[in-house]
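What TrEMBL records for this protein:
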- 7-26: transmembrane segment (TRANSMEM)
- 11-297: domain 'Sugar phosphate transporter' (DOMAIN)
- 38-60: transmembrane segment (TRANSMEM)
- 72-93: transmembrane segment (TRANSMEM)
- 99-121: transmembrane segment (TRANSMEM)
- 133-154: transmembrane segment (TRANSMEM)
- 160-180: transmembrane segment (TRANSMEM)
- 192-211: transmembrane segment (TRANSMEM)
- 223-245: transmembrane segment (TRANSMEM)
- 252-273: transmembrane segment (TRANSMEM)
- 279-299: transmembrane segment (TRANSMEM)
- 331-351: compositional bias 'Low complexity' (COMPBIAS)
- 331-364: region 'Disordered' (REGION)
């Protein structure tokens, strides 16, 4: 039984890595003028949001897989709407970057996610400026600058789009903590999609109507139902795969898997898209940035464990508290991923991921515990 459970866990990790990488490469292929040539990132993001919202509605209202939370108009107006706005912006800008820069360089820029999240959290008062964390952020930033300097096909517009998307995602993460979690509202992936995806769709409609609709009316770009349907299914499946992986492994394991996925994705992108060229400076810069990310994760995990009381508390209570901390650490890492392909953002204070690209909507502090329940039931 132990062997079977371990095998199933590795299978879930493999599915997560494949889906996460696949969604990013699929989005790039669809949007790139050199391949499928559908240069409308807002339209693609709206398809993802509309499909995800419809599936979530079917699961909640028709199949009754989960029950909707008690959502008041006040909570929706003050919490869900602003979070949805920044979520839509992060997907919009992140997907638009695919039109201008390579997948490999986008993954390297995403190393800035922790820097953005930390800065926003400090400004919003949800985290404190500390010397050790600041030095880690500086190391990450230096690594990204070196990687950017070594980029052969550096594009200012694409870089600005990606960095703007990263900061929009950071704002979403901090707002999720400040607005939703402090109100005690717990959302799992299905209820998150149910409430946030339709609202994000509405926010994306305005820029779509102004920026993309006129061009689509006169363009000769092809529209294949099966291409976009399969793309949306992959993005949705990624959300659920992350949920199952958290339940079976925990935050630390999936973060390690995320790092492995990034390296695999960078290598794969150069094979699938020959125009993507990686230089030595790219690799050196990204490795430096990754060292900063690993050091920061280590500090946060050690800090979380040190803050847990060790005496006089039942083991199950300690486990639940550890799960809360792990989920908190994880949330920022996977927030990089339904349409942007996994924004590697994380923060011990502001819960995260993405993208993007993949962009999973998992703001709950109890996700690890819920994931174990569902994954155990599924198994």
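Heads up, the Cβ atoms here are built off N, Cα and C, so glycines get one too.
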Counting only pairs 6 or more apart in sequence, are there at least 3 Cβ pairs under 8 Å between the transmembrane segment (279-299) and the transmembrane segment (133-154)? yes
Within this structure, do the transmembrane segment (133-154) and the transmembrane segment (252-273) have 3 or more Cβ pairs under 8 angstroms, counting pairs 6 or more apart in sequence? no
Quick test of the contact rule: Cβ under 8 Å, at least six residues beyond the ends. What residues does that give for the transmembrane segment (133-154)? 101-102, 105, 108-109, 111-112, 114-115, 118-119, 275, 277, 279-282, 284-293, 295-296, 299
The transmembrane segment (38-60): which same-chain residues, six or more beyond its ends, come within Cβ distance under 8 Å? 27, 30-31, 66-68, 88, 91-92, 95-96, 98-99, 190-191, 193-194, 197-198, 200-201, 204-205, 207-208, 211-212, 215-216, 221-223, 228-229, 231-233, 235-236, 239, 338-339
What stretch of 72-93, 160-180, 192-211, 223-245 shows the most Cβ pairs under 8 Å to the transmembrane segment (99-121)? 160-180
Overall pLDDT for the domain 'Sugar phosphate transporter' (11-297), taken as the rounded mean: 89
